[in-house]
Amino acid sequence: MATADDLKFQEFDDAANLLAANPDATTISIDEPVEIPKNQHSRLQEPGREEDDELLGTDDSDKTELLAGQKKSAPFWTFEYYQTFFDVDTYQVLDRIKGSVFPVPGKNFVRLYIRSNPDLYGPFWICATLVFTIAVSGNLSNFFIHLGKPTYHYVPEFRKVSIAATTIYAYAWLVPLALWGFLMWRNSKVMSIVSYSFLEIVCVYGYSLFIYIPTAILWIIPQKVVRWVLVVFSLCLSGSVLVMTFWPAVRDDNRRIAVATVATILLLHALLAVGCLAYFFDAPELDIPAPIIPAHNGTTVITKSH
């Protein structure tokens, strides 16, 4: 039969022995109220602050930027420095693509996907894919429009590749550069302005262009109404990513400047989409040089084609 000593809780006996050996030891009682840290207490007092941190990315952004700086500590002239910009896996790229195609209202794209590990891999290949998609789809669209006309002779227009590459890469690099400089300038005047890094802005613009890849393929359909509906749909998706990313950064600025900044971002984005559609797919039909067909009686017959 178990004795009285066997029924005792050994843990309590050990604790009693420890307290007897060291009376100054600190003990914690489960009845004592748990002290709320000051930073959490301030968050409870300011419910709107959490939303601002979520939108602006200021909650843990300092720690993240410090970690990012440690990752990119190699000198800029070394290969290791630029290798960090492409240090992403397939799942990260796909996750960021899905985030650009299906934007979440109230969520900041930079804070949610980019800030932990900005990359150039996704933006570079998205732009490259978009260049060839627009050039090839534009040639196919021109071919299908004139298909069946006896006077039409298909000639591939390789110059469209260079024109598309110049336009898209200039947009994906020069516009973020200008926006980054503007945010830095406004940040020197208004301290509450959030200045994204240049790499983060390039990521946002690069991934926002992904929606135009399937759109450019569907632009082959020779119906102007369908094409313009696709343009509007793509602009709403990609434009919402840009607005939800940059509006929280400039909303504390002067109201007119903030609205003008977002309007300029959307205007340039719309000009890229409309310009590509108008030039590569809805270009006016040009006269095709008429072939010279020699006749059997020694005369030449010139056929006019349109």
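Each residue, glycine too, has its Cβ placed from N, Cα and C.
For 49-59, the entry in TrEMBL reads compositional bias 'Acidic residues'.
Among the features that TrEMBL reports, domain 'Yip1' is placed at 101-273.
The region 'Disordered' annotation in TrEMBL covers 29-61.
For 120-141 (among others), the entry in TrEMBL reads transmembrane segment.
The transmembrane segment annotation in TrEMBL covers 161-185 (among others).
Among the features that TrEMBL reports, transmembrane segment is placed at 197-222 (among others).
Under the heading transmembrane segment, TrEMBL lists 228-250 (among others). For the transmembrane segment (228-250), the residues of the chain that approach it from at least six positions outside its boundaries are 52, 55-56, 99-101, 103, 105-110, 179, 183, 186, 193-196, 204-205, 207-209, 211-212, 215, 218-219, 257-258, 261-262, 265-266, 269-270, 273-274, 277, judged by C-beta separation under 8 angstroms.
Feature annotation from TrEMBL assigns transmembrane segment to 257-281 (among others). Only residues 6 or more beyond the boundaries of the transmembrane segment (257-281), in the same chain, are considered here, and those with a CB under 8 A from a CB of the stretch are 134-135, 137-138, 141, 160, 163-164, 167-168, 171, 175, 179, 182, 186, 208, 212, 216, 219, 227-228, 231, 234-235, 238-239, 242-243, 246-247, 250-251.
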Contacting positions for the transmembrane segment (197-222) when only residues 6+ beyond its ends and CB under 8 Å are counted: 85, 96-97, 99-101, 109-110, 113-115, 118-120, 122-124, 126-127, 129-130, 133-134, 137-138, 140-141, 144-145, 168, 171-173, 175-177, 179-180, 230-231, 233-234, 237-238, 241-242, 245, 269, 273, 276-277, 280-281
Same-chain residues at least 6 beyond the ends of the transmembrane segment (120-141) whose Cβ lies under 8 Å from its Cβ atoms: 85-86, 88, 93, 96-97, 156-157, 160-161, 164-165, 168-169, 172, 199, 202-203, 205-207, 209-210, 212-213, 216-217, 219-220, 222, 276, 280-281
Long-range neighbours of the transmembrane segment (161-185), counting only residues six or more past its ends (CB under 8 A): 123, 127, 130-132, 134-135, 193-198, 201-202, 204-206, 209, 246, 249-250, 261, 265, 268, 272, 275-276, 279-280
